[in-house]
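Novice: Here it is, the structure, as structure tokens.
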Amino acid sequence: MTISESALTILVYVCLCASCISPLLLLYWLIRDIKGKKLW
Amino acid sequence: MTDFMLGRETALVILVLFGLAWVGWGWYLGRNNRTIEDYALAGRSVGFAMATATAMATWITSNTTLVAPQLTYQFGVWGMLGYSMAALGLILFAPLAQRIRQLLPNGFTSGDFIYQRYGRFAWAMFIIISLCYAFGWLVSLGMAGGLLLSSLSDLSYLTGMTAILVICVGYTLLGGLKAVIATDFVQSIVIITGVVIVAWVCIDTVGFDTMHTTLTREQPELLNLLFPAAIMFFFNNIFFGIGEIFHSNVWWSRAFAFGPGIGKKSYLTAGLLWLPIPVVTGFIALAASSLNLVPPSADMVGPMVAAKLLGSIGAVFIFVIVFSALASSMDSLLAATSDLLTQDIVKKLFVPDASSDTLLRANRYIVIGLGIGTWCIAAFKLATLGALLNFTGAFVASTIWPIVFGLYQPKLTGRWAGLAMVAGTTCGLIGYFAIGFYVAAIISCGVSLVCCRIGIMQSKDYFQWHELEEKG
């Protein structure tokens, strides 16, 4: 039983999109913490 | 020199620039550290963004960037999925982090909790396991630094290992946990952006259809979903990851350092954001046969594919990513291990009434000592240390249940918790030698669970949680 091309494509794209979003989320939270004086 | 290697000058320029930036920033962040709480726990008020980034960055080691492609190259789809299951450790630690902060608002280390909850016998077992694991990981990171930087560039092993140690010791010493967390933030952005770019270029250049067709023809086992050893690896890695996180002071010290109400949210978010990364770093290994690449060793498959896809820029990318991944774990480990030695050995065993200033000084000396000790052992380049880390799975998995029951089940006593760690580790090691590395953590965790359950069933004790706060 092997993984199909479409399943592999979906798996990788989902993970890739999630990984693209994470630096943006971290930067957004950083700016929010700095503005709210909650960085440290 | 192969096409994925950097020239000596370029590699040195990158290291010097990183070193100056990190050490300078570490000094800047640490200039207001006055007490041991400021230095070791960043004042106990780390915000959500920094907390999430440091948890993610620390869990992204050189293994995530190099071993995930290696495992994909060896075990196929299960290799990358199995590796990403290590995120469960972060996710499951989230509620524990909240509980730890509630039960021990003034705690410093994981050893503090075990000592106050279970007493001296279980604490001694736990400290032996923790220090062996921490020092083993530290030395293996130092060695990985030397080996990887020398494999990715013209630098010698000793230069690469010395550079990464000096830089990490420098900023950890000057800035304490605040410097570790702040550099982790930048490192996490650098690592994720780098691996995403490499993965996009891989899809764009090779494509899924070519990759799948080539693999079906040449290496069909990598697409096989019923690959027995790979499935065992998948489950073993879950328990190994949980054990590594639950017992290690790297994660406990962060639970104490994060602001009130931050720990649970940040560990959960970090786990969810970490989950897809091994798939992104691992899947590029599936393109190796489509690109006609035959790596000299399996762990070089990631750098080779990246360099083939991106040319000399790919080599710089991989060098920076690997350096960031190594530094983000090494600094955390230096800080957490020095805290453990300061609080659990210096304070508990030798100077119980030590002042904050004395502990702060001791902590700084210990950071330097750990750096020198790591350099001395890593300089021998013991090839067996990699293998040594493999069976730490048996040690760390035995601590999972004593910690979980210690936090939530008042009936488990110190004697049974200590026995669970000893029996779990022993049986895990027997499994490691008799069957293979991929069962050590599962067996250790299972035996430890049985011991803890027996201890709870026949216990007449009932631990009062408020005792922890009073003692702490």
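Backbone N, Cα and C define each Cβ position, glycine as well.
Automatic, uncurated: that is what TrEMBL annotation is.
These figures come from a predicted structure and were not determined experimentally.
Annotation source TrEMBL lists transmembrane segment at B:12-29, B:41-60, B:80-100, B:121-149, B:155-174, B:186-206, B:226-246, B:267-289, B:309-327, B:389-408, B:429-456.
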Novice: What residues elsewhere in the chain lie close to the transmembrane segment (B:41-60), defined as a C-beta under 8 angstroms and at least 6 residues from its ends?
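Specialist: Beyond its ends, the transmembrane segment (B:41-60) has Cβ neighbours at 86-87, 89-90, 108, 176-178, 180-182, 184-185, 187-189, 191, 245, 250-251, 253-254, 256-259, 262-263, 265-267, 269-271, 273-274, 277, 324-325, 328-329, 332.
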Novice: Do at least three CB pairs under 8 A connect the transmembrane segment (B:267-289) and the transmembrane segment (B:429-456), leaving out pairs fewer than 6 apart in sequence?
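Specialist: Contact between the transmembrane segment (B:267-289) and the transmembrane segment (B:429-456): absent, because fewer than 3 Cβ pairs are under 8 Å.
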Novice: Counting only pairs at least 6 apart in sequence, do the transmembrane segment (B:155-174) and the transmembrane segment (B:186-206) share 3+ Cβ pairs under 8 Å?
Specialist: no
Novice: Between the transmembrane segment (B:12-29) and the transmembrane segment (B:226-246), are there three or more C-beta pairs closer than 8 Å, counting only pairs 6 or more apart along the chain?
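Specialist: The transmembrane segment (B:226-246) and the transmembrane segment (B:12-29): touching, no.
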Novice: Against the transmembrane segment (B:186-206), which of these stretches has the most C-beta pairs under 8 Å: B:121-149, B:226-246, B:309-327?
Specialist: B:309-327
Novice: Short question: which residues 6 or more past the ends of the transmembrane segment (B:309-327) have a Cβ under 8 Å from it?
Specialist: 3-6, 10-11, 14-15, 18, 22, 57, 60-62, 64-66, 141, 144-145, 148-149, 152-153, 164, 167-168, 183, 187, 190-191, 194-195, 197-198, 201-202, 205-206, 284, 287, 291, 302-303
Novice: What stretch of B:80-100, B:121-149, B:226-246, B:267-289 shows the most Cβ pairs under 8 Å to the transmembrane segment (B:389-408)?
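Specialist: Answer, by Cβ pair count: B:226-246.
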